[in-house]
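**Q** Just passing along the structure, written as structure tokens.
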Amino acid sequence: MSTSADIGLWGVPLAILGGAIRVSTPFLFVSLGECLTERSGRINLGLEGTLVFGAMAGYAIAFQTGSAWAGVLAAALAGTVFGLFHGWICKFRGVNDIAIGIAMMLLGSGLAFFFGKPYIQPVAPDLPAIPLGWWSDVTQVQAALQINVLFLIGAAFSVALWWVFKSTRVGLTIRVVGDSTDAARAMGLNPDLVRLLATAAGGALAGVGGAYLSLYYPGSWNEGVSSGQGLMAVALVIFARWNPVYCFWAALLFGGAGALGPALQSVGVSQGYYLFYAAPYVLTLGLLIATSSPNRALEGAPGELSITK
Amino acid sequence: MSHERALPTGAIGVEAVGMTMRFGDFTALDNVTVNIRPGTFHALLGENGAGKSTLVKCIMGFYHATSGGVLVDGHEALMTDPKAAHALGLGMVYQHFTLVPSLTAAENLVISRADAPRVINWGKERADLAAFMARMPFHVPLDQPVNRLAAGEKQKLEILKQLYLGRRFLILDEPTSVLTPAEAEDVLGHVRALTRAGEITVLMITHKFREVTRFADDLTVLRRGSHAGGGAVAELSHDDMARMMMGADPDLRSIDRTGGAGAVVLKLDGVRATDRSGLKPIEIDALDVRAGEVLGIAGVSGNGQMELMEILTGQRALEGGAVMVKGNAFTATRAEAKAHKVRYLPEEPLRNACAPKMSVAENLAFRLFDVGAGPKPRFWKSGRQIAENAQAMIAGFKIKTASPQSPIAALSGGNVQRAVLARELSGDVDLLIVSNPCFGLDFAAVSAIRARIIAARNKGAAVLLISEDLDEILELSDRIVVMSEGRIAYETPGATADVAEIGRYMAGHG
Ligand SMILES: Nc1ncnc2c1ncn2[C@@H]1O[C@H](COP(=O)(O)OP(=O)(O)OP(=O)(O)O)[C@@H](O)[C@H]1O
Ligand SMILES: [Mg+2]
């Protein structure tokens, strides 16, 4: 039996927590993808486009096949293709990864809008969520703890990625390539190949983040499905100092900021709440300014990254 | 060995036969043959740009020689890429560090192995590394990221890495140019002991004759890409070596000092800043440099000299105090530097004083590309002015470059140094700030550059010389101060300087 208890202002933190978990998942996947790519010494600003295209592809395939998981897989594949394309172009001399990223961002969104037109109306199946709030009678608690499977996968993945960077050959290879191309060459590694694969894997993760948008929250496909999560994730990775586990916490923080506006609205604050909708953007700016210094290089930044070099 | 390996151990011999290497229509190496006998310590000498680095990179498969081949233990070997060389037991420590800065020493060692495990069991690896280290003559901390290690420790780690990888033929490209004399002595002594024990063969590129006589068995000299001589070190004097390198008796100019100190040009007053790590303070209460004098700043690297240089070049913000040039506050803007005729030679000039991908000619024109005929700055750049300037400087400072149009990053280390000096010493100079001006230069270039510094002083320039080479400080300075822990710890006139006393202050206990 559940009661809709009147929990008053307690509803705000609860709604923020629930919102954080719900809103953070795309941040988490895109930032893990960006983290992986940047650790290999490349920056892929195109992940925003990958995210939007992943949202469209995931929704379309889920609708066609009737399976949300098929949609997730399709989004990951689409993301891989975008990543491969970015990685392939960047290997040519004189090509700038940031410029290509911006082009890919526009390309991804443009293609998604073009192919996505027929899927704005139909309803595709949702991704399943686990009701972790079963122990409580309070509906608000139950709602907040309705946790999507992808969030849990993402959380597990951030720990796994941290372990990969620390204790596997693949992870160390990526870090070597990201930190010093010369050292990598002297070791007989092929930096372009490593970066190509890292960018592809990063693209796949961003694609999955997109699928979450269209298949769970907000849970439909339209052209405004992303509100810049793909770009904010870049700032998030810097804030998280290129550490996948910190990426998880940072994604929760950004998710919480994103949930601030809706949470205030839900408890009946009717004025000025829309200002709080800007919280994630303000947070992005604030954190970047607060954590930077004119005198010190960013701790943990991969040495070959074009923005920190 | 710390990991299972079926390879045989012990030193191997390597012979490079008829090596030719062309970059475009520039011949960097011309039919060079060198034989390095197993278990010997072989030195490779040559002027800056003689082709030493190019030769060893061809041996290692880093460059593909235009023609010629490599024999390993008498068998022809195809060096398609460094991996092929590694598989045969050849290893190289490059002129620039190739350790991965953000990885720890342990991570660097493990990942450099060709058979690095897919999943690394750190417990086991650490135990193996400890066992390996126990057998080595020198040690480095394994759990620190490499970018926190001092230069000497990095160089030791580079050599340890090669031994850890089971290399039996080791190429060292100027291994001591980043080390203090004591560190160099220490590292090379251990390397020599390993060759004596028959564990490795060593080919070392160096500019220091002293190291050659002290540690090497055989030597080979390159001159302008060709084999210019060689033989057993025991039978050669330093003069013989110099003659082989230069092709004639070298003209080692030494210029006498004339004139004395004049008015104060550079004045530091209560300067405060933080060092690179952001933890230690730099505190220089008072420092004056007068016209017509060389003030030498001695000190072990990492005691704030690099930061002092950055303060003077405007790369590091002041937290307090003031830098004054001729009585005016100085923040190192281009306009101020021009007005007061301040010139710089920072360390790592390729990074700190050049645009690496721009051409040699353009880099040489950085001080004058906007100088017009009249008082107004020039708007349209003049290709002719830049070309003529480049031609004059390349000839005047003997800069070896394929063409004035090649990117400055393609020059050999010593030639980048010359190019920057050529640019900075052109025209009138009132204040010259130099940091380690002779790092990695051949002996002739060293004497030429020192002569130019003294010449600038004699013409009335104030010279601030920061150097880790105490001999250089003693030779050039009119006045010497010692920097330790970010402060000026000691001051003495150059003429009556007591080396032991300076050494004590450098070591931090005066
Ligand atoms: N990649 C390259 N492209 C074009 N020219 C090159 C390249 N590498 C080297 N050179 C030229 O070949 C010549 C030999 O260079 P090398 O680096 O072998 O000199 P070096 O003997 O090692 O000198 P140093 O003592 O200054 O290190 C130089 O004139 C250099 O400009
Ligand atoms: Mg060299």
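In case you wondered, yes, glycine gets a Cβ from its N, Cα and C as well.
Here's the feature list from TrEMBL:
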TRANSMEM  A:12-33  transmembrane segment
TRANSMEM  A:45-62  transmembrane segment
TRANSMEM  A:68-86  transmembrane segment
TRANSMEM  A:98-116  transmembrane segment
TRANSMEM  A:143-165  transmembrane segment
TRANSMEM  A:193-215  transmembrane segment
TRANSMEM  A:246-265  transmembrane segment
TRANSMEM  A:271-290  transmembrane segment
**Q** What parts of the chain pack near the transmembrane segment (A:271-290), using Cβ distances under 8 Å and only residues at least 6 beyond its ends?
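**A** For the transmembrane segment (A:271-290), the sequence-distant neighbours (Cβ-Cβ under 8 Å, at least 6 residues beyond its ends) are 228, 232, 235-236, 238-239, 253-254, 257-258, 260-261, 264-265.
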**Q** Hey, would you say the transmembrane segment (A:246-265) packs against the transmembrane segment (A:143-165), going by three or more CB pairs under 8 A that are 6+ residues apart?
**A** yes
**Q** Applying the under-8 angstroms CB criterion, which one of A:45-62, A:68-86, A:143-165 scores highest with the transmembrane segment (A:193-215)?
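**A** Maximum Cβ contact count belongs to A:68-86.
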**Q** Can you find at least 3 Cβ pairs under 8 Å between the transmembrane segment (A:45-62) and the transmembrane segment (A:98-116), where each pair is 6 or more residues apart in sequence?
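**A** The answer is yes, given that the two segments have at least 3 Cβ pairs within the 8 Å cut-off.
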**Q** State, in range form, which of A:12-33, A:98-116, A:143-165 has the highest count of Cβ pairs under 8 Å to the transmembrane segment (A:68-86).
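**A** Highest pair count goes to A:98-116.
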**Q** Same chain, outside the transmembrane segment (A:98-116) by at least 6, Cβ under 8 Å from its Cβ: which residues?
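**A** For the transmembrane segment (A:98-116), the nonlocal Cβ contacts are 43-53, 55-57, 59-60, 82, 85-86, 89-90, 221, 223, 230-231, 306-307.
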